[in-house]
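According to TrEMBL, the protein has these features:
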type     : residues : note
TRANSMEM : 7-26     : transmembrane segment
TRANSMEM : 38-57    : transmembrane segment
TRANSMEM : 64-83    : transmembrane segment
TRANSMEM : 112-131  : transmembrane segment
TRANSMEM : 152-173  : transmembrane segment
TRANSMEM : 179-198  : transmembrane segment
TRANSMEM : 296-317  : transmembrane segment
TRANSMEM : 337-357  : transmembrane segment
TRANSMEM : 378-398  : transmembrane segment
TRANSMEM : 418-441  : transmembrane segment
TRANSMEM : 462-481  : transmembrane segment
TRANSMEM : 501-524  : transmembrane segment
Amino acid sequence: MEGLENMAFIASAVSLVTYLMGYMNFGLTKSVNTVTNFMGTSFILALLGGVIADTYLTRFTTCVLFGFLELLGYALLTVQAHFDQLRPTPCTDISKQCEAANTGQAKILYTGLYLIALGTSGVKAALPLLGADQFDSKDPKEAVQLSSFFNWFMFSLTGGSIVGVTFVVWISSKKGWDWGFGVCTIVVLFAIVLVCIGKPFYRDNALKGSPIIQILRVLTASICNRYLPIPRKEDELYEVYDKRTQNETLQRTNQFRYTFYNLASVHDLTTWGTSAAMTPGPWRLSTVTQVEETKILLRMLPIVLSTVFINTCLAQLQTFSIQQSMTLDTHIFGFEIPASSIPVIPLGFNLIFIPIYERIFVPLARRITGISTGIQHLQRIGVGLVLSTISMAISGVMENKRKSVAVKHNMVDSNEPLPMSVFWLGFQFAVFGLSDMFTLVGLLEFYHAESSAGMKGTSTALSWFSLAFGYFISSIVVEVVNKASGGWLASNNLNRDQLNYFYWLLSGLSAVNFVIYLVSASWYKYKNVKEMKQEEISIHGFAAN
């Protein structure tokens, strides 16, 4: 399902700027910001999908329901692209002011786009968890397979993307946008059907209540107990042990040891006594595990925030870099490659590198470190951030070369392709492709491994939230840079813009962001699961011991 769904999503994303400029008559900056806002919304809504998958619907049901919403979005865009009266007259001369889409046409466009955004958000939040549910992390053999699953999940995502940016984009450019969006509609329908076929074989998650309600309970209990002293001994805090429930029990961590949140698990024995029947309700008293689950989310926030900027850089490769490719020679061996298909370069590298990473690097690293994943999740994310910084620097160098070719051949204001192969952009795409592989998979593994059973959907959705926030910041960065620089990116003519300066600025900011990440990662403490030795239920740690 991920391969097919992402095939449609990426095919639309990489070519959407071209569609908005050429068929909806938006300007370059508006087109870029529309795409980044659309992509940002697609991923930020994953938090909603994660909460729904944890609280109200199973992960399987969430995948199917949101898949149908995405299907409706593609169907609506197909209809608009097919009927001329639903969109403005295509603009063929960029030197003239063309009539942009009217209010009604824009409403159809945005309705279709944001149905897709809502649909893909739910799928991307629940689907990796549905796959991860098929493995028992407590079983040593299945724990290794769980780590492999995330790599192969990325492999499927990449494979679908390759087909999307080649086959589907080719259909859009040669047969028409109605055909392109129509293929996306059919592909998503097949994705839904295929995941439904596997329903009888799935392990599906049991709903454990709303993680948001749980966090609110911890905060409320902390306020209620604000005048009570925090015990220095862990076994004096409230905890419930029940081996029959198979729920993990977390030990209190040293981070936030004497903070406000720990008050939620302070049991006032003078008021309530030791009897289980007299234990206050969940809004007055929380277990140590529930408090630690809340603290885990707090500890994750610096990691989330320090991985946002890499996605701001990613947004440039899906927008400005696509526009770069449209000014270059896209022929190879006599075949013309659509400019929107250029992202196949980093995807191709990933398709080769993921099996090498999984089959060669991880086993070797596992022998050295003794860690099932080869290296720790935070180390993997850090490697991706370094590669992102390098990619942005390379992007600046390549843009500088592209502009020099335009000046040398007196083609600054020409609409003809420059005598420079589009595959020069392959360097920046390839390095960033590896960066994305390290970072995205590392984040998915990290959030899944560190979050509690009842918060896995919400926590895993944070990886997509990081992606979303990066796209939103991209829109802000473009606007701010334009104003502060006097118009580095203000023209519709890249040959006259200063995109190379913009890329170098992003590289410098990425380096600063990496330093912030190092501080955040060194501060983070991994969760500590306590082994339960009690067969019976105990309401106090000291009573159980």
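Note that the numbers count up from 1, one per residue, in the order the chain is shown.
Here the Cβ of each residue, glycine as well, is placed from N, Cα and C on the backbone.
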Who are the chain neighbours of the transmembrane segment (38-57) in space, where the CB to CB distance is under 8 Å and they lie at least 6 residues beyond its ends?
9, 13, 16, 65-66, 113-114, 116-118, 120-126, 129, 205, 207-212, 315, 318, 454-462, 464-465, 467-472, 474-475
With the transmembrane segment (418-441) as the reference, find which of 64-83, 112-131, 152-173, 179-198, 378-398 contributes the most Cβ pairs under 8 Å.
378-398
Flag the pair the transmembrane segment (337-357) / the transmembrane segment (152-173) as in contact if three or more Cβ pairs fall under 8 Å (sequence separation 6 or more).
yes
Residues of the same chain, at least six outside the transmembrane segment (152-173), with any C-beta under 8 angstroms of its C-beta?
2-11, 14-15, 19, 128, 131, 179-181, 183-184, 187, 338, 340-344, 347-348, 350-351, 354-355, 358, 437, 440-441, 444
Using a Cβ cut-off of under 8 Å, list the residues of the same chain at least 6 residues beyond the transmembrane segment (112-131) that approach it.
1-2, 5, 9, 12, 38, 41-50, 52-53, 59-60, 62-63, 65-74, 76-77, 80, 149-150, 153, 188, 195, 202, 204-205, 444, 448, 456-457, 460-461, 464
Top stretch among 64-83, 296-317, 378-398, 501-524 for CB pairs under 8 A with the transmembrane segment (179-198)?
64-83
Residues of the same chain, at least six outside the transmembrane segment (7-26), with any C-beta under 8 angstroms of its C-beta?
32, 34-35, 38-39, 42, 70, 74, 77, 81, 87-91, 98-101, 105-106, 109, 116, 120, 160-161, 163-165, 168-169, 172-173, 177, 180-181, 183-185, 187-188, 191, 318-319, 322-323, 326, 338-341, 343
Do any residues of this chain, six or more beyond the ends of the transmembrane segment (64-83), have a C-beta under 8 angstroms from a C-beta of it, and if so which?
1, 5, 8-9, 12, 23, 49, 57, 105, 108-109, 111-123, 126, 176-178, 180-182, 184-185, 188-189, 191-192, 195-196
